[in-house]
């Protein structure tokens, strides 16, 4: 059996009891290590599981998935995935390959940022499509995500904005020379993301925005303010990764504003909610 | 401390290790019992946790939340919630009350249908706003959810459709007379939901739809077909609750179609994907 097991958002204890039982009984345990990061290292997972954990980088999951799956045809193999197996990054491809090889599969779900974002007080029902902001380079500035934000804004819906992560990337030179030397991981900061958003929504500086850092961890932190306010905070104001942003849509409900006001930088949160979003604020 | 703990989708083993530790150490453990159902009964949870579990119905969470929270000011109280605490049904209200009482709170996330829906093979990024279909009565046929589906359709996005649940509802007569007699739980079937959708999208009978039943449980079942096909299946074709539907948007990717073709009722799934959605199908 091939198991895809979600690890949740923070550390070794965020796995479900069901997932842990499977891991403890599996013949081989892989940890997908390139689309996201868990906040703990492999050794801590191994100690907690009592099992050896094999890091599966992009190469392995994409090119050696047949090797992973070949073991699954005769024994139980678990691939651990940060968040939920079908969260921001999906793992449908390896399930399709397993299906083609007639290997039975099972999935153990867990929290992902796609639902844990509700921690900021906004209703999941009022979110439109989620977007991912990629790092821009001097020569490559993809902006399809901007159109998607505009679509949500047009409907008055909130937008969950996920920030780019570069893990185990090779430099262009190392890639060209076939050298397996990896750059240190890079995580887009809210400052970078906000400046990219601001470049497109310059006429909407009074848009309300939430910056969420390390959701589901003991150091979770949320800041609420206008696009202009958050974009001018110092780069280190948000602390270490992971970060995500929420752009508040015009259909926002007074209770959502009230809940998030706990994290407001200053009174502008309520002022803009009242004057720009026309939210009925009970009292200030 | 007041803990809101997500239980995930199926049974007592879907709690996270972190959540289980909190439950085992809490002074009082409540189970929210009106917005969703866990597939196991209270006694099984109690046996697994080694703790007494107090059922908290709608009355209790809405009117007796102060009683729940009063214990939390001096000891650890856990309120267990099926899915994620901020999933389809949010629990921001009781957190706001705790905040007003200066009671510290913590949240343990888990899977909810809002992210586990990825199991059907569609990318979460390509979903627009989720909608809930309420039971229609002879005199009350709310249809704001239809407008929201149309908004998603207009953008080519998928729609997650959640079906109404009535747990611990009183009849109008019992309510009028103040009698605490509850109707048996009612779960909207896909057949009812599909007929309500069809009444509004009659000109779009070639819309692709997925019906997901008991997601995240061992009896999970998925059916894929056109709106007209699924709407004419017999009412018992989907088995017991819980159910949800996905309306496939025009931006659908060939790999999404391929992944879900496993559950297709017949060849119409691929034909409509190719001819109506203009998806490039590699081979049939």
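The chain as shown is numbered from 1 upward.
Heads up, the Cβ atoms here are built off N, Cα and C, so glycines get one too.
Because TrEMBL annotations are produced automatically, they should be read as predictions rather than curated entries.
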Annotated companion of A:9, A:84, A:87, A:112, A:113, A:163, A:243 at the S-adenosyl-L-methionine site, TrEMBL, chosen from A:29, A:131, A:215: A:215
Intermolecular Cβ proximity, binding-site residues A:9, A:113, A:243 versus chain B, under 8 Å: A:9
Cβ packing number for residue A:112 (S-adenosyl-L-methionine binding site), 10 Å threshold: 32
